[in-house]
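Here is the structure we will look at.
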Amino acid sequence: MKGISVLGATGSIGTQTLDVLANHRDKFRLVAMSVGKNLTLAEEQIHQFKPPLVSVMTDEDRKTLASKVPEGTRVVCGEEGLIEVATAEKAEILVNAVIGSVGLAPTLAAIEAKKTIALANKETLVTAGHLVTEKAREHGVKLLPVDSEHSAIFQALQGERMDRLHRIIITASGGSFRDKSRDELNGVTVEDALKHPNWSMGAKITIDSATMMNKGLEVIEAHWLFNLPYEKIDVLLHKESIIHSMVEFVDRSVIAQLGTPDMRVPIQYALSYPDRLEFHEGQQLNLWEVGKLHFAPLDMERFRCMAFAYESGKQGGTMPTVLNAANEEAVELFLNNQLSFLGIEDVIEKALERHERIDSPSLADILHVDQETRAFVHSLIK
């Protein structure tokens, strides 16, 4: 039985991870988890799975939850708590499902503790891909993708030689506003943006899908996960989200991974790898019911965040850190009705333009640039 630690258990990926664990209690055991602000859900999860270790955000939350959990569950808090969860002794796999750059330090700690990393936190590789991949190689640690697109590529590459790969093709639904012109985007609301056509996701990633920044971050993540130059990473609009991604080889053969849009499938594959387990829930893919699959090229002028991501990734150094930090803050401002939807792009562009890149940043450099960028974004709103 594999011991599993989950960072971000009360979030969208976290709750779906616990669904997988509940469906395979003979294969997996939850040994540690961190939670966000939803302490009511956290309490339910703790009583259901009885993890020995739980981390919360603040000491006040720790005191609140500690009085409600069963005997045998220890509650810790803060960044130290996240790291304790990430490095829990009985965990074989860490599922990093927290949102944002807060997932970086726990991931590095888990790698040093030689845990297999199931990575749903894009920002870890976006902001510090060179540090994470280098440390993973140094400690012989596997980085297993949880994103459906990267999982699709990972599966398509099984048994293949990387020097025979021509390119990867990441598919994108286009998000909530895929059929709107840029003029129509001027007045869209938070409520409009949170209606994703295909996937069930958290608020931040749903907005990132609408701006296409989510796909931009996935491009940078793929660069690090598969050690590919950006010239070999393409993005294709595919509104049904049935083909999760494709790999083209030098002989022009293309292998695609298909399935109904259900995040629990790639989560389960990351946990069971290299094995496959039965998936008892969800819909079976019936292509005759789907009828048609649609594809369209990506318009970088229409989706400016994609252009920012490719450019930042190619420049490297601290540019992706700025991209990510500026985006996180801009999305939060939009969700709080302090910034327009198209204002998200403008803020990111200003942050990138002013930044003086550090070519080979240390962890301290990355954290400093991250905080400095966030402060700059807020200075634009005041």
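Cβ atoms here come from the backbone N, Cα and C positions, even for glycine.
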Report the candidate from Glu71, Glu218, Glu231 that shares the Mn(2+) site with Asp147, Glu149, as recorded in Swiss-Prot.
Glu218
Candidate sharing the NADPH site with Thr10, Gly11, Ser12, Ile13, Gly36, Lys37, Asn38, Asn121, Glu123 (per Swiss-Prot), from Gly174, Gly175, Gly187, Gly202
Gly202
Other residues, Cβ within 8 Å of Asp147, Glu149, Glu218 Cβ centroid (Mn(2+) site):
Lys122, Pro145, Ser148, His150, Ser151, Ile170, Asn214, Lys215, Glu221, Ala222, Ser245
Within 10 Å of the Cβ of Lys122 (1-deoxy-D-xylulose 5-phosphate binding site), how many other Cβ atoms are there?
26
For Thr10 (NADPH binding site), write down the residues of its own chain that are at least 6 apart in sequence and whose Cβ falls under 8 Å from its Cβ; none is a fine answer.
Val35, Gly36, Lys37, Asn38, Leu41, Ala42, Gln45
CA pair Asp147 (Mn(2+) binding site) / Glu218 (1-deoxy-D-xylulose 5-phosphate binding site), Å rounded to integer, equals 8
What is the Cβ neighbour count of Asp147 (Mn(2+) binding site) at a 10 Å cut-off, with all protein chains included?
27
